[in-house]
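The structure appears right after this line, and notes come after that.
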Amino acid sequence: TANVMIILLVASSRYIRFPMYFFLSHLSCSDLILTTTIVPELLHVIGREGSTIPFYGCFAQFYFFCLSGMSECLLLAVMSYDRYLAICNPLRYSSIMDMKLCVYLVIPPWTFGILLASPHIILLNQLSFCDSNIIHHFFCDLVPLLNLSCSDTSINHIVLMVMSLPFLFLPFIFITITYINITIAILRISTTTGRRKAFSTCSSHLTVVCLYYGTLIINYLVPSNKEYLGLQNLVSVLFTIVTPLLNPISYGLRNEQIRGALI
């Protein structure tokens, strides 16, 4: 509901038609895909203390989860570039970050998310699942699915590692570099009020980045052994449910322009 509210506000209100809010609406759309993909089935699992899901329904759930994850990583990198321009090059920000560039910047995250989630599905479809059919997770994530296969999954793991570099770690490195430059630019501001104002313009985005990447990286660093199953499920809850809930709160309730448009 909160993410839908932000999408509708950005689309309908003339008071928040700025690049940052345009990118925010796409981030909310990505979060909306994630929650509508994961949460209904999760509630079904909790309500019945277990549930069944069709074979291709499981693949479809993983596809949209993968699409949302890839697009969100790249959208967060795009938003960090927007904040970098706003703080480090404020005089030219309006001329550089026009609506045409904004559209060009959001096309790659969605395109890569749609296209590059497919290889995982193609490879999964070629595996044989002749062992247990019980997924020890609350949604169809890649590693729990690979653990059920009795085929050789080395190619799947290689593809996962290869795709994690450009769509997880490189955006994270890019965001880190932009925030190092942003911090340097803020420290050069002579007045305390000016530094506080400059930092407030990127604090919401920085909070979202820390929440999303922190939980995502921890989740995939946790070993997939059975003794770590509870911890992995807990961290998965954080980045699939808690983070999409906190994103609109971080941007909405803490942002005067969003609150003003809502009123």
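Even glycines carry a Cβ here, placed using N, Cα and C.
Here the structure is a predicted model, which means the values were calculated and not measured.
Annotated in TrEMBL:
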type: DOMAIN; residues: 2-251; note: domain 'G-protein coupled receptors family 1 profile'
type: TRANSMEM; residues: 21-40; note: transmembrane segment
type: TRANSMEM; residues: 60-81; note: transmembrane segment
type: TRANSMEM; residues: 101-123; note: transmembrane segment
type: TRANSMEM; residues: 158-187; note: transmembrane segment
type: TRANSMEM; residues: 199-222; note: transmembrane segment
type: TRANSMEM; residues: 234-253; note: transmembrane segment
>> At a C-beta cut-off of under 8 Å, are there same-chain residues at least 6 beyond the transmembrane segment (199-222) that contact it? List them, or none.
In response: 27, 69, 72, 76, 79-80, 83, 86-87, 164, 168, 172, 175, 179, 182, 186, 228, 231-232, 235-236, 238-239, 242-243, 246-247, 250-251, 254-255
> Sequence-remote contacts (6 or more beyond its ends) of the transmembrane segment (234-253), Cβ cut-off under 8 Å?
Replying inline: 2-3, 5-6, 24, 27-28, 31-32, 34-35, 38-39, 42, 65, 137-139, 141, 204, 207-208, 211-212, 215-216, 218-219, 222, 259, 262
